[in-house]
Structures are given as structure tokens and as C-alpha cells.
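S.K.: Copying in the features that Swiss-Prot gives for the protein in this structure:
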- 4-114: domain 'MTTase N-terminal' (DOMAIN)
- Cys13, Cys49, Cys78: [4Fe-4S] cluster 1 binding site (BINDING)
- 133-370: domain 'Radical SAM core' (DOMAIN)
- Cys147, Cys151, Cys154: [4Fe-4S] cluster 2 binding site (BINDING)
- 373-443: domain 'TRAM' (DOMAIN)
Amino acid sequence: MKTPKVGFVSLGCPKALVDSERILTQLKTEGYQVASDYDGADLVVVNTCGFIESAVQESLDAIGEAMSENGRVIVTGCLGKDEDKIRQMHPNVLKVTGAAAYQDVMEAVHEYVPAPPKHNPFIDLVPEQGIRLTPKHYAYLKISEGCNHRCTFCIIPSMRGDLVSRPVGSVLEEAAALKRAGVKEILVISQDTSAYGVDTKYKLDFWNGQPVKTKFFDMCEALGQLGIWVRLHYVYPYPHVDAVIDLMAQGKILPYLDIPFQHASPRVLKLMKRPAHSENTLEKIKLWREKCPDLVIRSTFVVGFPGETEEDFQILLDWLVEAQLDRVGCFTYSPVEGATANDLPDHVPEEIKQERYERFMQVQQQISAAKLQKRIGQTMTVLVDSLEDEYPVAVARSYADAPEIDGNVFVEDIDKSTIQPGDMLEVEITDADEYDLFAKLIKIKSV
């Protein structure tokens, strides 16, 4: 009997990527092979995104391609919450499940492609760290599912439910397994990382025989003992985040915070129903930088939210200039089906949204470029992601750069035979542009 093969298409954010990794790991554990193309697959699983309209369309297109090329398709992920929409366009998909519905996906696979008999996972070994879709030297670590907030532009709680935190012992054991597998950088992700453990009332758990609370600070402190890069994403600026800045100042975890501020106008933040909107974020940023001068802050913002006036937008620009954030992403407001913000009055015309986006990016590009210019002459440690095919250049990142969303450090004039992805290098920064740094190699620190 031939080994059954399952194709897999993964769309969406890093949290969805982790869901895909978990399903793929279970498939491999049960003896399925993962097909490299549509033709060789007995069926195809498409893990979708449903957050904004462009992502919905991309997901529907991916389902259509899988149906056209293979014809036997199971749909999962955030868009799976809207089965009617999927079946209107693709009525013949085999099954539709929601986000993080691992067991439902596996049951659907079993129904249409039974698992191979006599499979022994202890002989057909799956790596301890599971199947990963990222390069070997970094990995995403998802610590919770869902969110307790009800931001008016977001439908994540309706797709993924309220906050459910993983036991801290499970989180730390996965992190340790990743380190043993050679991972040099862990990126901590969730919908609301700094709320970790709230739902469990910070329940006590155990790791390596030691008691650890299921709590944001305690988890970060334990991760900091692993001796690898630990990067925090999706952190809301709650008061208890201040203590984690101390860990950064001590070199326990990377001095990098990804905080989705989204706006600065109190009126717009209230319309958005953002948590911590009443916090004086500028004072908080100043305090953090006093504690940890190397701190890098990345954030995302929405311009053109319903009801945003020119005065609101100017408040945002003024805040941006004063905050001097290192890395920033910006989006024009896009209606999301099911979001309560759709019902707000005074929607902003598209041409004004675009004009505000361009003004916003112009201000931030000047800030980012000036900050990168100050790096010239500094010595930094970087992690190599890849090597250029045609040039003697390593594409790397410093502590200030998360993969895919931030900039790179291009290490020039190297001997490519001595360097590979996953190596840590010590470099001197020689030049900069608006987003990236350029450097020369001082020495290879670790391989």
C-alpha cells in the first residue's frame, strides 16, 4: 500500500503559520507524507486568513487553485468561520473547519484519506521540535490563542475565541526543544502577548522541576535562561510590561518590543476600543528608554479610521515625531466583514486615506533613516538568514530586526565558503538607507 500524501497551503500571519506547523507535525507523526505539489497529493489542506478583504480574496483564490489542480480540498483557518462564503464560491470542498481546529482537520483527513496502517512514530521519527515552516535558525512560539479585547476594527475574537493561554511548562519545554534543534532565535507570538496567563489566574506550573507561574514576566524570565535570542511580538503597553524592560536591560531577552499602538488620538483610540488607550504612551516610552537605552520599538498604525479628522491625524503625526519609533508599519483602514467599526459614521474617503498614508510614511521614513544613520560605526551582532546568489554578501538581521517585517543587515565582501544561514557574526556598520544597514565582517561568533 502506498503512503498517503497530503498537500498543504499556508496563508496568513505567523500565528496561522504555527497552526500549519502543528497540523503538519501531526500528519507526519501519523505516517502521512507531505506532497510537494498538487498532482502528487491525495488531498490538499488550505489554511486560510480572513482578517481583511484582500486576505479573504487571497484565501478564496488559493482554495480555487487547489480545487482546480487537485479537486479534493479541506479548508481550515480564520476564513473557515464563514463556511457559507467559501461554499458559495467553492461548493465542492470536502470540509471546512475554523481556526486552530487541529483535531477537526485531522478527523477530516482521516475521513477522506485514512492513515497508513502499522505506522510506528518511534521508528519513522518526527523531529522533537516538530515540523517547521521557518528556516532552521528561527521559529515562532505561540503562547496563547484568542483575545479578550473587542477592538471595533477586528474580528479575531469571533474567529479564534477568547484568550486561552498555554500552560507555561508546555511553552518552555517547546522553547527548550527548539534550542536543542539548533534554533538561535525564538519569536514569541499571540494575539495579546502581555495578557498571557490572565485567563488562568496566573496558574502555577512546573518546568525542569521548578515552579513557574503562567504569567508574562515569569515566562519571559524563564525564556531568558535559554541563552538564545528571544523576541517579543504583539505586546500591549500594560503597566506590568515595565518589569520585562528590566530583563532586556540585563541582556536576558532582546531589547525589542513589537507594540501595536494603532493610533495616538484619544478620540480615535476610543472609537477603536483599544486597550490601554488612556495610558500616557509617550511617558511610558521615555521611561522604557531610560531603563534600556538600546530598546528598539516597532509598531503598526491605521490611518483613515471612520471618524478620523484632520485634527486627529495631525495628533498622530505629532506623536510619531515625539515618539521616534524605530520600525513602523502603516495601513489605510479597510472594512472587515463582521467588524463593528463598519457601522461607525463618517467614513473617510479613499483618496484622503491614501493621502494621509503617504504623509504618515514620509514622516516615519525620515525618522527611521535618521535612526539607522546613527548606527554607522557601531559594532553589532547579527544572525545570518541567507547568502546572496551572485554576490559575496550575507543577508542578516540584528536584534533590531524581526524577520520579514523589518530591515536587513547586508554584510559585504565575505567568503561565502565560511558562512552559512544560522551563523552569528560580529560586524561593523558601514552605511545605511531608509530601511537597511550595510556592514563589514569583523569575525564569526558562532555557527
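Glycine too: its Cβ is placed from the backbone N, Cα and C atoms.
A quick note: this is a predicted structure, and the numbers were derived from the prediction, not measured.
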S.K.: Which residues, same chain and not among Cys147, Cys151, Cys154, have a CB within 8 angstroms of the centroid of the CB atoms at the recorded [4Fe-4S] cluster 2 site?
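M.R.: Near the [4Fe-4S] cluster 2 site, beyond Cys147, Cys151, Cys154, sit His149, Arg150, Phe153, Ile155, Ile156, Pro157, Gln191.
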S.K.: Which of Cys13, Cys49, Cys147 has the fewest nearby Cβ atoms, counting only those within 10 Å, among these binding-site residues?
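M.R.: Least crowded of the binding-site residues Cys13, Cys49, Cys147, by Cβ count within 10 Å, is Cys13.
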S.K.: Near Cys147 ([4Fe-4S] cluster 2 binding site), which of the binding-site residues Cys13, Cys49, Cys78 can be found within 10 Å, Cα to Cα?
M.R.: none
S.K.: Would you please pick out, from the binding-site residues Cys78, Cys151, Cys154, the one with the fewest other Cβ atoms within 10 Å of its Cβ?
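M.R.: Counting other Cβ atoms within 10 Å of each of the binding-site residues Cys78, Cys151, Cys154 gives the minimum at Cys151.
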S.K.: Compute the mean position of the Cβ atoms of Cys13, Cys49, Cys78, which form the recorded [4Fe-4S] cluster 1 site, and then list in sequence order the other residues of that chain whose Cβ is within 8 Å of it.
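M.R.: My list of surrounding residues reads Leu11, Gly12, Lys15, Ala16, Thr48, Gly50, Phe51, Ala55, Gly77, Leu79, Ala99.
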S.K.: Which residue counts does DSSP give the domain 'MTTase N-terminal' (4-114) for helix, strand and coil?
M.R.: 55 helix, 21 strand, 35 coil
S.K.: Taking the domain 'Radical SAM core' (133-370) alone, what is its mean pLDDT?
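M.R.: Summing pLDDT over the domain 'Radical SAM core' (133-370) and dividing by its length gives 90.
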